[in-house]
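Shown next, in C-alpha cells, is the structure this report addresses.
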C-alpha cells in the first residue's frame, strides 16, 4: 500500500496510523489471498483450504486476531501473525443524528480521512461508503466536489468501511448463539465520497469480498453503485460486478448538466443514455435508478420533468428525486416542496416510480451531497468554499 502524503489540519488527534510490516489481508480477493499465503510459506496443497478457513474467520466471524482462529494449528497462526495483519480504518469520530443516522469519520493509511454513513430504516439498514479521498468531478451542487482528489481508496479500505460499521453495530455473529437472520447492514450503496468508476479495480475487488457467500454475504441486488456517468466503465461494471446501478443525472439538457456535472462535457447525455440502455441486459438488473437533485429554478420545471421522461423512455428505470441538502457556501437552494411534488407527479404519470428521498442526517452533515472530511471543512472558511463553487 503506497502511503499518501500527510496533510495538516486543525485536529489534535495523531495524524498517522502506526505502520506495520505485515500485509493487510482485508480486501484481498480469494485469489490474492491464496497467492499471499503461498508466498508466506503455506504449502500449495494446503493453501486453498487455508483460504476458506481464514476467510470465514475474518468476514463471517469478524475476528481480528490470528490467535482466535482456533481451527488452525498454533504454529500456523504464528506464521500468519508474523507475515500479515487484519487492519481496518480507525474511527476518529462517530456522530448520531436525531433520526438515528450514524456518520463515521474514518482515518486510513497516510493519515487521510473519509466519511461513511449508516442509515437505519424500518425494514433495512443502508451503509453509504466512499471510494476516494476527495473527488475529481467538481459537481457544483455537491460538497464533496469542493474537496480535491487526494487518492483512491484501496479495496481493503472500502471493505473496511463495511466491517467498521458492523463492529459499531455489533452485527458479527457469536459462536454458539442462535442464527439471527436480521441484518442491520442489509444494503450497501457506493454513494459516499468519490466517483467509484474512477477507482474501478479496487471497487470491483472490494465488492467481490462483500458479496462472497462465505463471509459478509451481501447479494449483488443489495449493492448499488452510483456513478456520474463514466461511460467506458459502465459495461465493465455490469459484467464484472453485476450490482444495481444508479446514475447522478440531475439535468435534462447538456447545457445545464455541463454546469452541474462537468463530466457531461466528456460524455454527454446522449452518450450516457446509450450506455445505460445496455446495462440491464448485461447485468440482469431489473432497472436503473436515475438520481435527480432538485435545485430551485435550475432543473425543477414541469418542462424538465417532461423532458426527463422523454429521455429515459425505453430504459427500465425509477427516478429518485433528492431535495437539495444545503451546505456552507452552496450556490443553490432546495426546490420548494410543492414544486418537488409536481415534478414527481409528472414523472409518475408517465409510468416511472418517482419517490422523493427523505433527507437523513442533515443535522450532522450526513445527507446526500454533504459529505466531506472534517479536516477539509476545518481548513476552509465558508467564504472560501463559496468562492470555489462560483469559480
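Heads up, the Cβ atoms here are built off N, Cα and C, so glycines get one too.
In the record from Swiss-Prot, residues 194, 195, 248, 249, 250, 325 bind S-adenosyl-L-methionine; the candidate from 217, 219, 226 listed for the same site is 226.
Nothing from the recorded positions 128, 139, 142 places its Cα within 10 Å of the Cα belonging to residue 194 (S-adenosyl-L-methionine binding site).
If you draw a 10 Å sphere around the CB of residue 142 ([4Fe-4S] cluster binding site), it holds 27 other CB atoms from the protein chains shown.
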